[in-house]
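Worksheet for the structure shown next.
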């Protein structure tokens, strides 16, 4: 079937075009207002109507539908919605790093100083709660839609941060961290899916990278705000209070944002093509409820397995051990913690910006391979720095330089790519729930890394521990090479049709 080189414009009158768009918009709106997640990109059964397929073929051959001919839709229309959504990523990063600089002060004020297990619980309790939040995020998203899911993400963060800021005991801190963790678990999968669905295909990688940049800004913000904690008694409480502001902004601004399919209605020139694209993948399928068992076997299991494994390897690389305990590690080398944290934040942000620029040029797979490879090399430098072969300034340079290189390489691919890639390759019908399962794997491993890093560092030493992290980075390179497909520049429907085998 040949596609014409030039797009033949549709000859609609203005009133007819407005009526056409109004009806299409109202159809989506009615689904959203009933509290059902509009899975407009479903292609699960592929048994539908020949009339839709034949109609699309006729229009394509006659020149009515041509993506290249009509050009790319404007990215400006979805930009404000994307920026609001990334507030959840900012909060995610902020709460990951808020205890980094303040943990010693918190332990002194609440009476668990010198107890590494209690310190680990302050970090990992939040991550354990995030596991449960992520598990239910898919069902929340399908049930109430993106806007309400974001608001349900912000609410426990406000409650939990307020509890942590006012607590007088370890148990109060842990309870507040549980609330915050629940919101952290809901946010990332919802943000990844929302951004991927509102973003035009030609810039989806760039927009997807904004979530990682927002996470970096959140981490850096928490580090900078936490700097006075060593000198000002009780400053750590201010650090928790500050986080309630962006959470409140997210909840309020989401009231004015659109559900993801509605961005299609902003430009009349692209609606015809969008409908045809949807009809190619949604060939008469019904919006049936997704059973949890469907994610664990059958033709969708491979993609769920790939997503879960990538997230698992991302965490087993040791990246969040660096973020959580970088102050402690740098302090052991005599490096001021505030300087070390600033350097870590700059390295993370710099790599994320470069990844944003390269995401839609080099592609997801190339960035993942380069990122994990560089992380393995960086861990090798840290192993060398911790060994007897290096001493004095040489050991310091290798250890600190290796850690900064590790963060930089992580932010180039292993950080921003997994959530973006999963939101692209998962079929629309199961996207929300499958993403929640993959993120749950992420949080489980994140929990144990946060809980066990300091005890393992003391018991087996940095050489063995960093060698284990480097090994997982190399395993990630092999896994990505064999299993990950490239998705840059393709619409979600094209990706779905290419990856899902027929029944």
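Placement of Cβ uses the backbone N, Cα and C atoms for every residue, glycine included.
Automatic prediction, not curation, is the source of TrEMBL annotations.
Annotated features, as they stand in TrEMBL:
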type     : residues : note
DOMAIN   : 81-488   : domain 'Major facilitator superfamily (MFS) profile'
TRANSMEM : 78-97    : transmembrane segment
TRANSMEM : 117-141  : transmembrane segment
TRANSMEM : 171-195  : transmembrane segment
TRANSMEM : 207-229  : transmembrane segment
TRANSMEM : 303-327  : transmembrane segment
TRANSMEM : 339-359  : transmembrane segment
TRANSMEM : 366-390  : transmembrane segment
TRANSMEM : 396-422  : transmembrane segment
TRANSMEM : 434-457  : transmembrane segment
TRANSMEM : 463-480  : transmembrane segment
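Against the transmembrane segment (434-457), the recorded stretches 117-141, 207-229, 303-327, 366-390, 463-480 differ in Cβ pairs under 8 Å, and the greatest number is found for 117-141.
Counting Cβ pairs closer than 8 Å and at least 6 residues apart in sequence, the transmembrane segment (396-422) and the transmembrane segment (78-97) reach fewer than three and form no contact.
Distant neighbours of the transmembrane segment (339-359): 100-101, 205-206, 208-210, 212-213, 215-217, 219-220, 223-224, 322-323, 326-327, 330-331, 367, 400, 403-405, 407-413, 415-417, 420, 488; these residues of the same chain sit at least 6 beyond its ends, with a Cβ under 8 Å from one of its Cβ atoms.
Below 8 angstroms of C-beta separation, residues 310, 313, 317-319, 355, 358-359, 396-399, 401-403, 405-406, 408-410, 412-415, 417-418, 421, 461-463, 466-467, 469-470, 473-474, 476-477, 480-481, 484 of the same chain, each at least six residues beyond the ends of the transmembrane segment (366-390), sit close to that stretch.
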